[in-house]
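Notes for the one structure printed next.
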Amino acid sequence: MSIFISIVLTSIKRNIRDRKNVIFLLLFPILLTFILGNALSSVDVGNEAAASLHTKLALVNQDDNGMVSKQYEQFLKSKEIKDIVTTRPISTINNARIQLKQENVDAIVYIPKGFSYAIENGKSKQMQVIVSGNTEGDIIKDLTESFLSRVKSHVVLAEMGKHVIDTQMPPIIYDHPLKVSGKLPKAIDYYAVTMLIMIIMYSANLGKGLVANFHYSSLGSRIRTLPIHPMKFFLGQAVGELLTVAAQIVILIFFFKFAFHANLGDHMTHLILTCFLLGLITILIGIAFSLWFNPHAADRILNIQIPILTFLAGGYVKLPDSNTLLNFLQNIMPNALAQSIIFQDIYGRHNAQGIHELINLFICLVVIFIIVIVGLRRKKYGSFCK
Amino acid sequence: MIIDVSNLVKRYNDFLAIDHMSLQIKDGEIFGLLGPNGAGKTTLTKTLLGLCKYDSGSIKLFGSELIESEKKIKERIGLVPQDIAIYDELTAIENVQLFGKLYGLSGSQLKAGVKEALEFTGLYKLKDKSPSQFSGGMKRRLNIACAIVHKPDLLIMDEPTVGIDPQSRNYILESVNKLNKQGCTIIYISHYMEEVAAICSQIAIVDKGRIIAQGTKEELAKLIEGDQVLLITVQSVDFSTIEKLEKVPMVKDITLNHNQIRIISSDSVINQVMNLLISNDVQINKIVTNSPSLEDVFLTLTGRALREESN
């Protein structure tokens, strides 16, 4: 076994055997999530948000009783949708636009003439959704997209010559409900994500400990007298810490999903990779702080910044979206970015916004990586003999 | 020559930690470095091992400059640091294995080295235990095992017996002698003079970044040959009396440790000292005269009590 792998494995072994560490890495977030999720279930974030939503839709249906548009109207009348969407039929698109401008409605859905006929004959036809840009409008857009994705599958079938649409419209809504209620976050769903993010942020302590142990402890001094390149040892330990965090993330995600039945969405790989990316960034943040500040200062800064960043990201309580400064901060805070990416992935919102946030997260990674590299060079980890 | 230090200077800002120090250590020696805290012992060790840069002078280890072939040189050195530097989360054998790998051992060489190091330090039966279950002395022994797993040619031991029971101390001192007989050159840094006197073939007294005396125990004792040591235990004594004693002719040095006055003089001063103490109403409990020890040599040369400063 190469010496590098030995260092990595030793690092993981030490983390696993350290009881305090295990309690902090696993038991603490599980307990905290359980307590917050249950204690705040009556005032939970998602239902509160849902309760405050009065999404108003202007439906301009010019499809002349077409089958697909009828299905869409039925879809809007279903109990789950009626709870959150009030539909107002409007005859013309111009009138609907006036209503949208006057903020009487949050979105317009325009079904053009011949829409169902086109679909039934396997042809492409657009159904238009015009939104006001607020959260309520997004909901209409997402719901309609979900409906249309089902319709699209029938278009494909029709194109393949299987004109199922002609014979019977499958139970788009009733047999396959869109699980709208399931997609609204309960307290446990919300805190499973935010606490996961917060606990990943604490990985910064592992990064900080890495430098502190290597640079300021007697064990670190001893290691530096050995015939191994300091950078090789340091990197081996860093990889070990990263793998520990990765294992922690996977265990917590599975625990939250299967023990707490928290809704963590259907894209486990996305979730794990996003968390892993955040873990990497936070370990690097811990390393950077320890390289650029003395150990006590780094300790203090890290311990203060984690709860503050968690609060600003809405980790403890959901914060209003309207604050410009807060929005700006959330666009550069790695925890807020990762949290937003995960929520968008779970609740199926804007892909474009998610990609934008993912890019921002990668920019954070690059920036912090550069700071760490400069710090390591400053501390002369790159040279064998100091 | 295993170590050849020439005219070494190391500064920490304005503080001169090593002041033009020169030092030669021959192959097969147990070389004792004596000195109080701040004398420059640790800085010298750090500089020898490449942990800190020096301002001027040169260091040759095994005939080469450290900077030229650091990896090769470090493979031949073992360090037993003053603070116990082992991983508490790993078992004894895992600790020694890790250090063995870091020293470049692998395969059967590693396996044999680990077994030998654990047996040598008497920890083989406890190899699967965590150091957190060990006593202070056992941890110190594991600290040593990690440094000798690769059978170094040079072993630097920095205060290896601090804070341990007499049994473990004896075990460690015996181990040092055994290692030396196996061909390992040892630098033994301590403020326990009796340890240094018992095991070291060469001794250097370091103070204020300089070597103020060097030689065998006997050679050092000769430096104050003819001097006498007077130990007087008193009920109590004030500093004005001590000041008066310092002014007694031929008194070279006086220290007061609790109620014991230690006087080093170039000739017998017992009568003058007794008269002075009695005239100052000092109640004398005990008087002992001794020939000078290594500690007295240190005291005479530096004017400071070694252990008081170190502790």
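Note: Cβ is positioned from N, Cα and C throughout, glycine not excepted.
The transmembrane segment feature in TrEMBL is assigned to A:21-40 (among others). Beyond the ends of the transmembrane segment (A:21-40), by six or more residues, the same chain brings 15, 186-188, 191-192, 195-196, 198-199, 202, 244, 248, 251-252, 255-256, 260, 262 to within a C-beta distance below 8 angstroms of the stretch.
Taken from TrEMBL, the feature domain 'ABC-2 type transporter transmembrane' applies to A:23-373.
Residues 15, 24-25, 28-29, 32-33, 36-37, 40, 44-46, 234, 237-238, 241, 244-245, 248-249, 252-253, 256, 260, 262, 264, 275, 278-279, 282-291, 295, 298-299, 302, 306, 309-310, 313-316, 318, 335, 338-339, 342-343, 346 of the same chain lie 6+ residues outside the transmembrane segment (A:190-212) yet bring a C-beta within less than 8 angstroms of a C-beta in it. TrEMBL lists A:190-212 (among others) with the feature transmembrane segment.
Long-range contacts of the transmembrane segment (A:233-256) within the same chain: residues 3-12, 14-16, 25-26, 29-30, 33, 192, 196, 199-200, 203, 206-207, 210, 214, 223, 226, 262, 264, 268, 271-272, 275-276, 279-280, 283, 287, 376, 381, each at least 6 residues beyond the stretch ends and with a Cβ under 8 Å from a Cβ of the stretch. If you look up TrEMBL, you'll see A:233-256 (among others) marked as transmembrane segment.
Outside the transmembrane segment (A:268-289) by six or more residues, the chain places 196-197, 200-211, 238, 241-242, 245-246, 249-250, 253, 298, 301-302, 334-335, 338, 341-342, 345-346, 358, 361-362, 364-365, 368-369, 371-372, 375 with a CB less than 8 A from a CB of the stretch. Taken from TrEMBL, the feature transmembrane segment applies to A:268-289 (among others).
The transmembrane segment annotation in TrEMBL covers A:301-319 (among others). Sequence-distant neighbours of the transmembrane segment (A:301-319) (same chain, 6+ residues past either end, Cβ-Cβ under 8 Å): 45, 49, 190, 194-195, 197-198, 201-202, 204-205, 208, 285-286, 289, 293, 326, 329-330, 333, 335-336, 339.
Look at TrEMBL and you will find A:358-376 (among others) tagged as transmembrane segment.
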